[in-house]
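**Student:** Pulled these from TrEMBL:
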{"type": "DOMAIN", "residues": "7-330", "note": "domain 'Acyltransferase 3'"}
{"type": "TRANSMEM", "residues": "7-32", "note": "transmembrane segment"}
{"type": "TRANSMEM", "residues": "44-65", "note": "transmembrane segment"}
{"type": "TRANSMEM", "residues": "85-104", "note": "transmembrane segment"}
{"type": "TRANSMEM", "residues": "124-145", "note": "transmembrane segment"}
{"type": "TRANSMEM", "residues": "157-178", "note": "transmembrane segment"}
{"type": "TRANSMEM", "residues": "190-209", "note": "transmembrane segment"}
{"type": "TRANSMEM", "residues": "221-239", "note": "transmembrane segment"}
{"type": "TRANSMEM", "residues": "251-268", "note": "transmembrane segment"}
{"type": "TRANSMEM", "residues": "280-302", "note": "transmembrane segment"}
{"type": "TRANSMEM", "residues": "314-334", "note": "transmembrane segment"}
Amino acid sequence: MSKKRFVYIDIVNIIATFFVLELHSSQAFFYVKSSSSIYLQTKLIQIIFIPAVLLFFMISGAMLLDYRNRQSTITFLKKRFFRVVIPLFSWSVIWYVFDIFWAANPGPMRHLDPSLIDFIKGLFLNNINNIFWFFYIIIALYLVTPIFSQLAVSKKYNLLFAVVCVYFFVNCILVFFVQIFKINIDLENVVQPLMSSSYLGYFLLGYLIHKNYFNVKQENLFMVFGFLSLMIALFFGFYAPSLKTTSTTGLLVFLYSAALMICIKRISGRIIFSEKWVRLLTRISATNLGVYLMHPFFIKLFDKIFFINENNWIHIYLFPFLVYIVCVGVTLMGKKIPIVKYIFP
């Protein structure tokens, strides 16, 4: 059975990719003085666009959790291997060579004393291009997908939601209030079990949203609490900066990300897209991984071309658009080249 095309998934994919570029073009937030205007501007960007990779996790769950309806587990794992593991290894080699001679930010990490052992360590410890952390999480999620897919295909959605609730309570509520009230307690052993780690909550929630598990009123509540969470995060960001409001496993970000997914799905469902637009969105969406893999290079390149750094307004506000357009173009070309196309899945 072939997989039906969902336009809203392509739109979420495109938005999530652009959000990544917004986050990575506003890295000045981590280096400038907190009293500067650049700090305030980039902090605003970091808070607004933080759902980036989390949206990827949700649409991955939405599209893959019921894979058993379309293919065998062996076929599923083979496809994931070629889509994720091959590009991860190939681009780790490319970035490792880059790291020997040059520096870029964010992501690439210098390797001034290169060796095979150093590369292997870097690959396993995510010490080559640290924005590749996404791959290690998604591989872990793929490996447990055959387990949770049994619940998906048998439509035991309540059990899937129960797992999301466990994740939400441990990783979001418990950790959030321990941080708020500055309680001196080590939660490391609590947040490590499978059901409350590895971003599993996002993965399963994406599937439940996709399958319309929540009714309209429940989705409305998600959106109210989600966008209220965004407002609270912005408030804390400016008036309580010591509180980390952009934690990707935090309460506020979880609710905001879920609300954003629901909002995009709902709005997209009310728009009638022509075949031409559907094809265009499909093509652009298919470049997301290529954009993710390459964009630090082009951020570095354009800094050199424009003679600017990460504090410049061009870097912060224009680079996300410029880098996105260029990376999409390069990825589309790469997909047409034999052999090369395998590192642009």
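Glycine residues also receive a Cβ, built from the backbone N, Cα and C atoms like all the rest.
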**Student:** Between the stretches 7-32, 85-104, 280-302, which one has more Cβ pairs under 8 Å with the transmembrane segment (251-268) than any other?
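**Tutor:** Looking at each of 7-32, 85-104, 280-302 in turn, the most contacts to the transmembrane segment (251-268) are made by 7-32.
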**Student:** Counting only residues 6 or more past its boundaries, what in the same chain has a CB within less than 8 Å of a CB in the transmembrane segment (124-145)?
**Tutor:** 24, 53, 56-57, 60-61, 64-65, 67, 76-77, 80, 84-85, 88, 91-92, 95-96, 99, 106-109, 111, 194, 198-200, 203, 292, 296
**Student:** With pairs closer than 6 in sequence left out, are the transmembrane segment (7-32) and the transmembrane segment (85-104) joined by 3 or more CB pairs under 8 Å?
**Tutor:** no
**Student:** Same chain only, please: residues at least 6 beyond the ends of the transmembrane segment (314-334) with a C-beta under 8 Å from a C-beta of the stretch. Say none if there are none.
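**Tutor:** For the transmembrane segment (314-334), the sequence-distant neighbours (Cβ-Cβ under 8 Å, at least 6 residues beyond its ends) are 17-18, 21-22, 25-26, 28, 38, 41-42, 45, 283-284, 287, 290-291, 294-295, 298-299, 302-303, 306, 308, 340-341, 343-344.
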**Student:** So which residues does the transmembrane segment (280-302) touch in its own chain, when a touch means Cβ under 8 Å and the partner is 6 or more beyond its ends?
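**Tutor:** Hits for the transmembrane segment (280-302): 5, 7, 9-11, 13-14, 16-17, 20-21, 24-25, 56, 83, 87, 91, 98, 102-108, 129, 131, 134, 273, 315, 319, 322-324, 326-328, 330-332, 334-335, 343-345.
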